[in-house]
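Novice: Feature table excerpt (Swiss-Prot):
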COMPBIAS  42-51  compositional bias 'Basic and acidic residues'
COMPBIAS  71-82  compositional bias 'Low complexity'
COMPBIAS  84-93  compositional bias 'Basic and acidic residues'
DISULFID  155-246  disulfide bond
DISULFID  224-238  disulfide bond
DOMAIN    28-100  domain 'Collagen-like'
DOMAIN    132-248  domain 'C-type lectin'
MOD_RES   30  4-hydroxyproline
MOD_RES   33  4-hydroxyproline
MOD_RES   36  4-hydroxyproline
MOD_RES   42  4-hydroxyproline
MOD_RES   54  4-hydroxyproline
MOD_RES   57  4-hydroxyproline
MOD_RES   63  4-hydroxyproline
MOD_RES   67  4-hydroxyproline
MOD_RES   70  4-hydroxyproline
């Protein structure tokens, strides 16, 4: 009687076309597709994309209603080209004639007194050894020793120039100051473009010299001239301090 249930089971399995595995897992045939579902809810916003290239400039806007204040003044420009020289002007009117000197007795008296005072002063200074007169020249010294350029400036401020001998008499007069103060002195000569070519301050060649034997020997490195106590000359660097002697 137990065969009946078993036979019934086999008949049912054959009728349904189903195949049962040994592990009790059944695989059916695909069913009929269902109807499409309704639309789902909107998704979340995605992340920001990469920055794009700048767009072209927009059109110019209309001018503003409020005008801007004027800017600051610019820098001065370069000077212009000089203009042509103007024509020479006409000569001015001739002034009134001056008073003849011989008619001005007061002026003549003043000049006479002035000359007398100058002669008295010159005589007093000569006795003190502060000045010496040779011909039309007057030599003077203050006893100070400074550089060549400083001597030139000091003499110019006094209305003279640095002393320079142009003959033996003037050389001896300058040497007397050198002996008195027992120190060397510059004379108004400087070396020209060529070594050993010494000239006066106006650039003219010397017409009188009293060089010590073998001098000048600086070969362009000693451009000034100093005087020894015996009156002889030597070329020397201009930066040394030497006795100030001026001529007027």
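Cβ atoms here come from the backbone N, Cα and C positions, even for glycine.
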Novice: What are the DSSP helix, strand and coil residue counts for the compositional bias 'Basic and acidic residues' (84-93)?
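Specialist: Helix/strand/coil tally for the compositional bias 'Basic and acidic residues' (84-93): 0 helix, 0 strand, 10 coil.
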Novice: Taking the Cβ of residue 155 (disulfide bond) as the reference point, list residues of the same chain whose Cβ is under 8 angstroms away and which are at least six residues distant in sequence.
Specialist: 161, 162, 163, 244, 246, 247
Novice: Looking only at the domain 'Collagen-like' (28-100), how are its residues distributed among DSSP helix, strand and coil?
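Specialist: Once the DSSP states are binned, the domain 'Collagen-like' (28-100) shows 0 helix, 0 strand, 73 coil.
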Novice: Sorted by position, what residues of the same chain at least six away from residue 54 (4-hydroxyproline) have a C-beta under 8 A from it?
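Specialist: Expected: none.
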Novice: Name the secondary structure element type, per DSSP in three states, that contains residue 246 (disulfide bond).
Specialist: strand
Novice: So what's the mean pLDDT when you look at the domain 'Collagen-like' (28-100)?
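Specialist: Across the domain 'Collagen-like' (28-100), the average pLDDT comes out at 75.
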Novice: May I ask for the residues of the chain that lie six or more residues beyond the compositional bias 'Low complexity' (71-82) and have a Cβ under 8 Å from a Cβ within it?
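Specialist: Cβ under 8 Å, 6 or more out: none.
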Novice: Cα of residue 42 (4-hydroxyproline) to Cα of residue 224 (disulfide bond): how many Å, rounded?
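Specialist: Taking the Cα atoms only, residue 42 (4-hydroxyproline) lies 108 Å from residue 224 (disulfide bond).
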Novice: What does DSSP call residue 155 (disulfide bond) in the simple three-state scheme?
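Specialist: It is helical.
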Novice: Residue 36 (4-hydroxyproline) to residue 30 (4-hydroxyproline): how many Å between their Cα atoms?
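Specialist: Between the alpha carbons of residue 36 (4-hydroxyproline) and residue 30 (4-hydroxyproline) there are 17 Å.
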